[in-house]
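First comes the structure, then the notes that go with it.
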Amino acid sequence: MAALSAWFWNERFWLPHNVTWADLADPAPGVEYPKAGHLLAALPLALGIFIVRILFERFIASACARGLHIHPGPGRRAQPNAVLEKVFTSITKNPDSRHLDGLSKQLDWEVRKVQRWFRHRRNQDKPSTHTKFCESMWRFSFYLGIFIYGFQFLWQCPWMWDTRHCWYGYPYQVMTPGLYHYYVTELAFYWSLMFSQFTDIKRKDFLIMFIHHLATVSLISFSYANNMARVGSLVLCVHDASDFLLEAAKMANYSKYQRLCDSLFIVFSVVFFITRLVIFPVWVLNSTMFESWAIIGPYPSWWVFNVLLLLLQVMHVFWAYLIFRIAFKAIMRGKVCNDVRSDIESSSEEEPDGPTEGRKASTHTLKGENGTNGHCAAARARTQNHSSW
């Protein structure tokens, strides 16, 4: 283990030339440099955030949902049937014509009645609008709160106004309490997302989002370990600027406030474009790639950090393409095609019941959930997040 630890923490990878871990081990009195062990505090904090979330959704968000007439009703449930339940749980949730014909004969039911039973059974396992609203309200509250805190903190920092301060004196840069709390809180939140993903609304992009959260945790931890926290705080703030707007648009969608949802999505799209496609490359990437090269020069972990940030920018461009494709079609045609929407919104919707309901559902799908334009129902284009890094 000692050999593995020595290999992993190789100074020539993590630190600039002529700097060793020993140089950072004994700072002057009252001075604290980042240490990887500090990040362990994020794990109990993540558990605390997860508990706070449960209480928040159960009491505060749920009360707000009821005030907006979003009730946690059970919806239409399938009538109890042992035969169909066994098929549903053991064989298939979407029976083909052969299964439908066999079950129809076995139960002496019409095929349409069997189809309806499977639709109801699938729908009753899906999350209600009430559940989705509470989840979005929690994310909105956290993203807004951490953005306000981060912006107020950075407002007083010299590297907010001159990014070259991210590299002056590097790596001998003091880890202040404000920067530490900001960093560890963000890290703990993304740890909590990894935990809660197994209890959240199950989406088709579960694996992608899990990898995304894992990458976010890794990048935050990586930047802290080699004391790139100053520029890391800028990256976090830039990403948080649009996340709460996305969740606000989803909340408006679930509440059936179409105009508010439309307006919030437009604001989100504009802020996303400015922060991710303008500020991030021009302000942050310019600093990490060119200003740092001029001030401290490249070294192995510097290359890794910049490659990861460049990959993140590629993801920004892809997400922006999805968002603006939805916005463009909404503006040009007032509706969003189903294939576009399925690329974005991964949560399940209630399935139609029969031919008449099917025609209504087609309109419903084109317009988005609750009758809003599809861009609000499709507000997961940035997936939580939302993400951030």
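Heads up, the Cβ atoms here are built off N, Cα and C, so glycines get one too.
Please treat TrEMBL annotations as automatic predictions, because they have not gone through curation.
Remember, it's a predicted structure, so these values are computed and weren't measured experimentally.
Ranges compared are 181-199, 219-237, and TrEMBL records transmembrane segment for 181-199. Helix first, then strand, then coil: DSSP counts for the domain 'Homeobox' (84-128) stand at 32 helix, 0 strand, 13 coil. Under 8 Å from some Cβ of the transmembrane segment (36-56) lie the Cβ atoms of residues 137-138, 141-142, 175, 180, 184-185, 187-189, 191-192, 195-196, 221, 224-225, all in the same chain and six or more residues away from its ends.
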